[in-house]
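Have a look at the structure below before the remarks.
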Amino acid sequence: MQDQYILALDQGTTSSRAMLFDRQGNIVSIAQKEFEQIYPQPGWVEHDPQEIWSTQAGVAAEAVTRTGLNGTSIAAIGITNQRETTIVWDRETGQPVYNAIVWQDRRTADFCDSLKKQGLEAKVRAKTGLPIDSYFSATKIRWILDNVPGARDKARQGKLAFGTVDSWLVWNFTKHELHVTDVTNASRTMLFNIHTRQWDDELLELLDIPRSMLPEVKASSEIYGHTKTTVFASKIPLAGIAGDQHAALFGQMCTTSGMVKNTYGTGCFLMMNTGDKPIESKNNLVTTIAWQIGDDVQYALEGSIFIAGAVVQWLRDGLGIIKTAAEIEALAASVPHSDGVYLVPAFAGLGAPHWNARARGSLFGVTRGTRDAHLARAALDAIAYQSLDVLAAMEADSGLSIGELRVDGGASANNLLMQFQADLLGVDAVRPQITETTALGAAYLAGLAIGYWKNLDEVRSQWQLDRRFAPSMPKQQVERCMAGWQRAVRAAKAWADDAQ
């Protein structure tokens, strides 16, 4: 297999990307194309499934041809994707019956509330590890069946297929032959029993979704089939699938119980490997499947923070305090601390572990001496505080102590933020050389399936450190900072509750 590469396809919320990796886990080539965000009504978010496919196929070809290679140089393809986003298509024509309903879409919130009022939340969580929420795929499928003319009849006749984005890509890469998904994507639908690792008939009946619509669920690392499209002339094994955050956990080599990664993007996604048994959260975290390789299934706890890097964009676009996002580090570093200013960026409510949809963004501790730099510092601090809230919940749920925090995503390049994160946590924040961990995780899963890499130990040995941030803040100062943050969060929640 000399001079062969693994192609990782990273289908995200705003763009489709493709990366070629060599045997050492280095990026050889990269291609990216953005696509349209569709907002038919407030709270609704859609994508065109055909545009998802065309952009992903396009960048896959581009990443390969840019290096002067062709399909014969590709040993395998790994797919990672935005999770929960829901596509329903006609099995005969291959055409979607409606746009993809994106994970952020809230149109089914009222329906979710009605399910909760029926007292179903405990049952759903026990089976799936998930709360009842419009975030997940199940109620999106139900909406399509209820609102697209003729969809329910076709579904009953077995003529419709549902898939998350990974399924849709595999379906198209194999010319409508394979209808599969992996356990990680299945575990985000609110229809999959994470204990039996089967679609749950009781939940399907409850939501009136025919089982015939659903893809076959496979491991995250196995040869599912081969490409049959015009994208590549040769047949290439499709050999790895994982949802984006699961792939990032694997790319960070968080392969043993208690290891944690935090992806600092527009929001933050924190995931802890909890080993071979699911842990039910008592602190509003999500229980999910981390990945499956062969018969080995690893589970995880996950917490999502809605606004992280987005708070920096707000300082740039909303307030005009900075011209580019990169400027925030220098501005924030121009003062030694936030001078008692706390920003709670609950612009869209609070995510884990609070799950308060009504809370709104709040600023506390402002005085006549407060400057733009203090606000910039408070904004960065808020990302670290929110992450700490989730990590504390993970430790409480799992009974495991976090030894270090592996970090990736755009904002992990901010040294000031990473240092403050380590200070708050009291353990090292560790940044790898390759921060494209989502694509790397998909590449590793595909490569392991075909023997491109021999085993997990070989892959583990490739993880390389860029920088380690060790905690240096005195404990009393950390406690003062945390007490102020907790006061600010309580006040932000009280502001929302008083409006009732």
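Cβ atoms are placed via backbone N, Cα and C, with glycine included.
Same-site candidate for sn-glycerol 3-phosphate binding, as annotated by Swiss-Prot with THR13, ARG83, GLU84, TYR135, chosen from ASP208, ASP244, ASP276: ASP244. In this structure the C-alpha atoms belonging to ASP244 (sn-glycerol 3-phosphate binding site) and THR13 (ADP binding site) are separated by 10 Å. In the structure as shown, the Cβ atom of GLN313 (ATP binding site) sits within 10 Å of 13 other Cβ atoms. For the glycerol site, the Cβ centre of ARG83, GLU84, TYR135, ASP244, GLN245 serves as reference, and the other residues of the chain with Cβ at most 8 Å from it are GLN82, THR85, TRP103, ARG188, GLY243.
Across the binding-site residues listed here (GLY309, GLY410), the residue whose Cβ sits among the most other Cβ atoms within 10 Å is GLY309. Of all Cβ atoms in the shown protein chains, 12 besides its own fall within 10 Å of the Cβ of THR14 (ATP binding site). Counting every protein chain shown, 22 other Cβ atoms lie within 10 Å of the Cβ of TYR135 (sn-glycerol 3-phosphate binding site). Mapped onto three states, the DSSP output places GLY309 (ADP binding site) in helix.
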